[in-house]
Amino acid sequence: MRIYVNLLEGRGVAVKNSYVKLQVGKQKSKTTIFRNTENPVWNEEFVFRVHDLNEELLVSIYKCDDHDHGHGFFHVSPAGELTGRVRIPVWRVAEEANQTLPPTWFTLERAKNGKSLDNDSGKLLLALSLHGRYQETSMSPESHNQLQWESRIQNGRASPPAPRNSNEGKHLMKALAGRLEKLFHNKDEAPRDETSSELSTQSDNEDRVMETCSEDSNFEELIEQLLQSRNEHGEMPEDLQGGILLDQSYSVSPKDLNLVLFGPNSEFRRNLAELQGTTDVQEELWRWRSEREKLRLRRAVTYTKAASKLVKAVRATEEQTYVKADCNEFAVRVKVSTPDVPYGNTVNVELLYKIMPGIVPSSEGEFARLVISWAVTFSQTTMMKGIIESGTRQGLMHSFEQFSTLLSQRFEVVKAVDTLDKDRVLATENKGDLDLGIHYFWNFTVVSTVFLLLHVVVHIFLCEPSMIQGLEFEGLDLPDSFGELIASGILIIQLERVYYMVSHFVEAKLQRGNHHGVKAQGDGWVLTVALIEGSNLASTNLTEVPDPYVVFTCNGKTRTSSVKLQTLDPQWNEILEFDAIEEPPSVLDVEVYIFEGQFDQSYSLGHAEINFLKHTAAELADIWVPLDGKLTQSARSKLHLRIFLDNNNGVETLRDYLASLEKEVGKKLSLRSPHRNSAFQKIFTLPSDEFLISDFSCSLKRKLPLQGRLFLSARIVGFYANLFGHKTRFFFLWEDIEDIQVLPPSLASVGSPTIVIILHKGRGLDSRHGAKILDEQGRLHFYFHSFPSFNVASRTIMALWRTRTLEPDQKARIAEEQLQDAEDYDDVKPLLLEDAPSYLVAEDVKMTKVYTIELPLNPKSLMGMFDGGELEHKVMSMSGCLNYVTTTWEQETPDIQERRINYRLSRHISSFGGEVTSTQQKSPLPDDNGWVVNEIMILHDVPLSNHFRVQFRHHIERSSFMYNACKCDVYIGIVWLRNTIFESRITRNIIGKFTNRSEEILQLVEREALLTSK
């Protein structure tokens, strides 16, 4: 049998230079010497062989002479002065549960003249445990009576041993254990200069008797001691590099889950062993062990794994160690060794169990989140590393699928906040119409109006009909006094104000943005934004309350919320979804505007940029975004959003994305291993959905070249170097890149071409330490050279950059250029919205004549702006129409021809840059005197565009005053499909904007036609 002694630390040892001697029988050992401290920390472990339970462990502390340094191989230190000691009988440890005495403070006794002892010479923190088998011999009660604690000698006199039976001795030891345990559990340790009153208080606890503890209760006591240990209070360790095997939340407290997984004789572990065919399971007891000058709670579990198709049944050993225990957070590192398998002596599998509180709604009780990660460690290099890692990963995934299934049968699986149903999350913020109505109408205006109206109505019923007098006649009752006139006026004014409030409330409830409730289309990465509310929005006018709305922009696509009327704290509760894309988005731009009109320059209240790479899914699921702006920063304006980024096509989305890149790169691209992806994410602190595409060894050119590695993913370009422990890392987004240049080889680049990446002004400032220069325009320049294969690296970088930075408009333009060589122009029709309905001219719409011009052109020449030729495309392009596409004229009736037009407005025409779809019909005038062109225009991606249509009429006829000239009249009208309070404002805005636009287009037609004729 062996006794393990962990000497942890001392408190108030009364000497500054000290060391400790330990002795069991004739076996002796000594600690290192600590100088200039009365609170030495040793953290040393000793092992002694025990032959008899009657033996004692003698722990003595000595004072070391100042001139004695103990250097040299043959130096013999003289015996120091004994300052205190404590005797611990071995049978005291044997009677503890599991034969383990947890860390306990022992009070030292000071020697006087080598004969007697004096109290209070400091304290030592010791942890003791017995291991191995002991052949117990008969021991009489009298032999126990001879064992005495030297620490119980008081006042210089040893009390004689009193006769007692074995039970009384056992109770006495339990009493002493109670005292020691209380001292250990006391959070406020006694100071070095303990007073006599404190010592007497501790001595009063010596008679406490403790009950015998079961194994489970002992484990719980060890966990409590672990929670109180300062060594285990730190940050939660990071996941291991191999990847995540399990990440799930369960309806159980973290402490209970920890007990189920790692408690002794766990029923869950037994059921798991039966399910997996594991036999001969042997669990050691949890014991304190010293590791790297820290005391850890550790145990070993051995078992025989079931045979597989490739490997026979083998013996495995798990070494389980608590690396963190803090309140409701636990982390257990498991080291699994299987020496009987091939390469078993060089390979170890590590598992990390992390138990944390689950992120779920607080009203639903207590939840625990379990995260299990893995890694493979090699004690020496081997060519079979890849095969071993792959086989280990497959085996672990299969094993923990069974683990997860069995655990889900015991505890209910719950969803975390970042995976909750979107509608359910939004529903938690919605308020009923009744609550909103009460909040909106509960004010002085409404209450006073209702009271005044009821007062007048009751007065009318109580009064008799008055006589007809004055200028009154039958059916006309005029006020009989100025008081009645004033009262009537006040009532009418109040009723008018209440009417406008009611209309505003109804409009706010009925009006919705164009994109609210529209479901995303396609497979891939789907971005869903739940716009909940705004807080403390600023106002540009002190006398008016703004009408705010929000525009979200992601990957060139915009989504617009509804307009909220006259409020600084709007409540939206709207869901906006972006169509699926192949690559995950990087940034979501948020802009808050004041609604002034469709084509007026809207005033921005503030903006914000949300970087998905800097927020976790849980943070995005419920986030308050502060707005940047001149007024919003002082007002502390912010928006409440809930953002969900989901991949509805799984790994197929990544494969399709890589397949599209392969065509441009000219090289096969494949998914990287989970181990490499995890290492990449860990280096740059990226979310788990960021996947590595390629990486290259290269040099970063600054003042001095720095050799490192360039990482390319779907969203970022990252560089990492580790030079003698000095780490350099940075990354920036693909969208931040303005230009990429290739410089020819030079002496400075060691004969290698250089890739220069230039960022937009003000972008990538976090990566400034990696840039070579900052030009006069405020742009950062990064230089990379010395690639192993420059052509592959440059093609990959250019392909990724083009894929990320091309907007949908540019992609459409490229597709149009590819179809220019088509023989028939009808091949372009797939680019148009063929499903768009054909709107007939609304004859009952009020058309307003907005512009008239006399042109020195005949009607046929002017009609060239409607024939889809070069003149039309050139004029419309110059007037701000992007991606202008037309169909050919088709005969609808003998006198009417029809065609369709599709284009996008530039930003200088509309701040929204919306898309336009038009249907045009032309018919000749009588006697072939000219033409009438009617047009119905549909606007997209602008607020309230689904409420109206814009109708144009161009009346072109020969001029009666000039030869070979024509006259063109332009009419504009608004077709209202829905009622809105903004009708007059929108009508005025559209008529004014398109009047100027029509004048500009006709002037351009005149100039281009005259230049062409010359």
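Cβ coordinates come from backbone N, Cα and C, glycine included.
Here is what TrEMBL says about this protein:
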{"type": "COMPBIAS", "residues": "186-195", "note": "compositional bias 'Basic and acidic residues'"}
{"type": "DOMAIN", "residues": "1-92", "note": "domain 'C2'"}
{"type": "DOMAIN", "residues": "241-415", "note": "domain 'VASt'"}
{"type": "DOMAIN", "residues": "506-625", "note": "domain 'C2'"}
{"type": "DOMAIN", "residues": "846-1009", "note": "domain 'VASt'"}
{"type": "REGION", "residues": "186-208", "note": "region 'Disordered'"}
For the domain 'VASt' (846-1009): best-contacting stretch of 1-92, 241-415, 506-625, by Cβ pairs under 8 Å: 506-625
Segment confidence, the domain 'VASt' (241-415), expressed as mean pLDDT: 85
The domain 'C2' (1-92), counted residue by residue under DSSP: helix, strand, coil: 3 helix, 48 strand, 41 coil
Helix-strand-coil residue split for the domain 'C2' (506-625), DSSP-based: 12 helix, 53 strand, 55 coil
